[in-house]
Amino acid sequence: MERENQTSISEFLLLGFSSWPEQQELLFALFLCLYLAGLFGNIFILLAISSDHRLHTPMYFFLATLSVVDLCLPSSTVPKMLLDIQTQTQSISYPGCLVQMYFCMMFANMDNFLLTVMAYDRYVAICHPLHYSTIMTQHLCISLVGGPWVIAFLNPLLHTLMMTRLHFCSNNVIHHFFCDINALLPLSCSDTSLNQFLVLAVVGLIFVVPSVCILASYSLIISAVMKIPSVKGKFKVFSTCGSHLALVILFYGAITGVYMSSSSNSSTEKDTAASIIFMVIVPVVNPFIYSLRNNELKGALKKILGQSKIFSQ
């Protein structure tokens, strides 16, 4: 009888940044610039890697895959967010909300896995340089990318299917800029204890294990670098790995702030800020950080940009 008196909602309202009405134009310009910077940056890196045969190595294979993911992750949220800011129509259908949640989780998972794979690649390159080509075989590289794609596909599918069993009857206001699972669960009038457990257990496992692997890889890298007699050589490796590690800490710090907290504390301004970091800022910055000190990639990028200037004349 109680079930019959409940009315299923057909759409949600993404409030996003509507609490800052005076900053709407500034927010629109900021996120549009960030999105376009990441879009063109990742596209240029993909073009550079695909056009230069010298860059057809494991490191650049992982970087190209990261660029693909970093194109898709912001694209799952930012265009909708920009549309909402511009038109002030914050509605999203229930199926559309689940689809957005699925792709956000899938690409965030892949970003996480690729940061781990690239940390392992740098560990092998720095700690075992003479055996790099025999360790990082084509088969292993494909496995290191293919395996994560399978997990990244299945994990959000589990959470999405679990969401379909819940009933949403009254409150449809999401205090977030996208359909995040931690923002959706408190709106349900069903028992969400199993869903919350899966968020903490499965999501926790998927992010904790790779983060431990990354820390282990960089610890071994630092230990190997300390044995380098040249101060210049130490500084070069530390400056490169330091920027990578700083980005990893930023990514995992934001993830921890959102998904390792209880659902009752989700959808706050703090969670929104953390989500912006790992879903918008990190994907935009990732390729630039990983290629900033890479002379081979910078040379390929200059070649691509030089060709584009010729064609434009």
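Backbone N, Cα and C define each Cβ position, glycine as well.
These figures come from a predicted structure and were not determined experimentally.
Per TrEMBL, domain 'G-protein coupled receptors family 1 profile' is recorded for 41-290.
According to TrEMBL, the transmembrane segment annotation covers 26-48 (among others).
Residues or ranges marked as transmembrane segment in TrEMBL: 60-79 (among others).
Tertiary proximity for the transmembrane segment (99-120) is limited to same-chain residues at least six positions away from its ends with a CB under 8 Å from its CB atoms, namely 59, 62-63, 65-66, 69-70, 72-73, 76-77, 80, 92, 144-145, 148-149, 151-153, 155-157, 159-160, 163, 178-181, 184, 206-207, 210-211, 213-214, 217-218, 244, 247-248, 251, 255, 278-279, 282-283, 286, 290. The transmembrane segment annotation in TrEMBL covers 99-120 (among others).
As annotated by TrEMBL, transmembrane segment applies to 140-158 (among others).
TrEMBL lists 197-225 (among others) with the feature transmembrane segment. Listed as Cβ neighbours of the transmembrane segment (197-225) (distance under 8 Å, sequence separation of 6 or more from its ends, same chain) are residues 109, 112-113, 115-116, 119-120, 122-123, 126-127, 151, 155, 158-159, 162, 181-182, 185, 233-234, 237-238, 241, 244-245, 248, 252, 255-256, 259-260, 263.
Look at TrEMBL and you will find 237-260 (among others) tagged as transmembrane segment.
The list of residues near the transmembrane segment (272-292) in space but at least 6 beyond its ends in sequence, with Cβ under 8 angstroms from a Cβ of it, reads 16, 31, 34-35, 37-38, 41-42, 45, 63, 66-67, 69-71, 73-74, 77-78, 104, 108, 111, 118, 175-178, 180, 243-244, 247, 250-251, 253-255, 257-258, 298, 301. According to TrEMBL, the transmembrane segment annotation covers 272-292 (among others).
Note on the domain 'G-protein coupled receptors family 1 profile' (41-290): its mean pLDDT in the predicted model is 85.
Counting only same-chain residues 6+ beyond the ends of the transmembrane segment (140-158), those with a CB under 8 A from a CB of the stretch are 58, 61-62, 65, 101-107, 109-110, 113-114, 117, 120, 198, 202-203, 206.
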